[in-house]
Amino acid sequence: PCGPGRAGGMDLAYVCEWEKKPKSNHCPSIPLVCAWSCRNLIAFTTDLRNEEEKDLTHMVHIIDTEHPWDVYSVNSGHTEVITCLEWDQSGSRLLSADADGHIKCWSMTDHLANSWENTVGSVVEGDPVVALSWLHNGVKLALHVEKSGASNFGEKFSRVKFSPSLTLFGGKPMEGWIAVTISGLVTVSLLKPNGQVLTATESLCRLRCRVALADVAFTGGGNIVVATSDGSSASPVQFYKVCVSVVNEKCKIDTEILPSLFMRCTTDPARKDKYPAITHLKFLARDMSEQVLLCASNQNNSIVECWSLRKEGLPVNNIFQQISPVVGDKQPMILKWRILSATNDLDRVSAVALPKLPISLTNTDLKVANDTKFFPGLGLALAFHDGSVHIVHRLSLQMMAVFYGSSSQRPVDEPALKRPRTAGPLVHFKAMQLSWTSLALAGVDSHGKLSMLRISPSMGHVLDMNMSLRHLLFLLEYCMVTGYDWWDILLHVQPSMVQNLVEKLHEEYMRQNAALQQVLSTRIVAMKASLCKLSSSTIARVCDYHAKLFLIAISCTLKSLLRPHFLNTPDKSPGDRLTEICSKITDVDIDKVMINLKTEEFVLEMTTLQSLQQLIQWVGDFVLYLLASLPNQGSPVRPGHSFLRDGASLGMFRELMVVIRIWGLLKPSCLPVYTATSDTQDSMSLLFRLLTKLWLCCREENHITEPDDALIDECCLLPSQLLIPNIDWLPINDGIISKLQNKQLVRLQFGKAPGLVGHTVSSQFDAFVRAPGQPKIDHLRRLHLGAYPTEECKSCTRCGCVTMLKSPNKVTAVKQWEQRWIKNCLCGGLWRKMPLSYS
């Protein structure tokens, strides 16, 4: 039972509301729906009232949680109220369905998180859609919380054998969606690779009946399970197995009836007619078709039950036992729904949010081990009509955390029935979603206002700091492995935790095998950068991490341009050979290293070389800046500090200097431009010599030596020989995350950016960004845009990096470079279009 819980464990991070006008046009739609993607984009609906024509426009709003005010609102084109919103598994496409049977698929325009278009759709004319889901793609990961201390990611997160709902030739999952309508129809639409949509519609069973509530789940064998209710608790909750196939280029649907159930509250004599309506019906997870959550309500109260489908042995009558005795496995089995848990009488439930973390619960389902029982992903959220929200354990329904809305300040153990009813309607969440790590909860209330709640990793219980850190670290690793966005984890990171988390994350990463390390190499750098942004003592390291991401991308791109001279060359690519030779030949003379390479592999067209000049210039400038900063190496607050001990990165710079030197022989104008005090000085040769000496000090990670005095003296002379460039370190940080650290509620308004009022971290951060009036730069193309850019630009939702929307260059090599960050920024963040007035 849901006994008295401990108050706390949740707090408001920010609220974002519509501008208050004398006649507000935005009104929440009924039913109001919202959805949260694995990229931390939230979609929700409102209706826009048109005063003259007295009709409603059904709007879909999409926000990025880091910039909630920058809302993208689109007229959905739905003629009736929107009943369902569903993100796909990649978080880049959205389905919307309405009360007229129309389903629309939305995707990003030019990979921009604040620009969407309707591409395809399907329709069951005039039949309202009550449940909607994308077909399963066969990818399922299990989280083993009890193994969070294991060293291998493969033990913590294991791949579960799970069949896609439908496969193409070769086993590739077929994309598409399934919907259930109010008249008892199931409709499936399949997206063929050529863009064509195959749709089929079938009745769930021969005797069609009204479906008020439904939900969809998937089985490991590739089947689909649909649960339906006609809304009355006196009627059974029905379950159906749905199989989808393609026969002769046509979609085919087969359905089969599964065991049904009656809610316990309707069979309990004490409560028989107390809860006449079933108001919520949800599978506990999309891929857990054997566990279902049901909520029955009356005008004032609700009761919640959790059921599980079990295989049970069928007892055989003695007469038949004598004829043919049942031995061992031969006993006939039957599928039967059994109740796992039920709550006491609760306030009326207004919304339910289920966890998305695929936690693998062992056979101690209801007695989860002590150190994991407060793990956020184990809880589901219930919102009540009095404005409060409870997090309860998803199987036992025991209270884990509670949040009181402004209208529900009261002790938790006061019985629901004895409370006086307050006059007037209360503000409560009508739609609610948990984030993908269950560390945040978004609710949209009856005024269309969006609230973002933090859910404490310890669920409000007093856990030692190490346990909370372990929870956060485990979830960061989960995001690293899955590629999901980790914004909701950053909500809980305090400045004092940053150093510890970064070190632990690095330790865990270094324990993985070389192949996995290579796959995750850029993701961990981006993760460290986002963590270091949250503490004033580590802010300079953000600069280094972003520079490292840029270096890795440039190195890969420039090496990929090299071509073997003969097609039947050995299996090593020119790029691999370059790395091997540069690490083997430790000569400080650039020309002696160059002689060992097959220069014919480096021959490129002149236009290609010239088009790469801006990237080459960045490499040259950065090497010069690093070497000039070596004498000040005692100061870790200076950007570039971590590179001076990073043998791998210095080795990359050394390889690129060799490549640039060879290209300079073909096309001198592509070389980096230095301002030297002497005309006869060979700047590249000088820098390569000093860089090699520094690289030799730290090339072996376990045996790093200090640079000798002679090298430091030579680096001290650099500013008198060459003009040291100003490095453009960081884009302006306009996100919300650093403003939420002091745990004060931030109030925002849709469509209106908040003032960048200084926070301690933000003010430290400003030391490394350009002032607002200064000329802007395209951070990825390294092009100057002027103080007031006339070109349309896009910026990264996470690091704030700015680049032009349209490519100014037609050269293939530059397009190859741009392809690296066309969908996502180098840090993995999504792009958003910026207004021309962003300067």
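Every residue, even glycine, has its Cβ placed from backbone N, Cα and C.
As recorded in TrEMBL, the features of this protein are as follows:
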REPEAT    75-108  repeat 'WD'
DOMAIN    120-406  domain 'Mediator complex subunit Med16 N-terminal'
DOMAIN    737-833  domain 'Mediator complex subunit 16 C-terminal'
Inset, instruction - Quick one: average pLDDT across the repeat 'WD' (75-108), no decimals. - result: 95
Legend entry - Spatial neighbours of the repeat 'WD' (75-108) far in sequence, C-beta under 8 Å, 6+ residues away: 29-31, 33-41, 43-45, 47-48, 56-60, 62, 115-134, 137, 139, 175, 177, 179, 181, 187, 189, 191, 484-485
Inset, instruction - Please list, for the repeat 'WD' (75-108), how many residues fall into helix, strand and coil according to DSSP. - result: 0 helix, 20 strand, 14 coil
Inset, instruction - With DSSP as the yardstick, break the domain 'Mediator complex subunit 16 C-terminal' (737-833) down into helix, strand and coil residue counts. - result: 21 helix, 25 strand, 51 coil
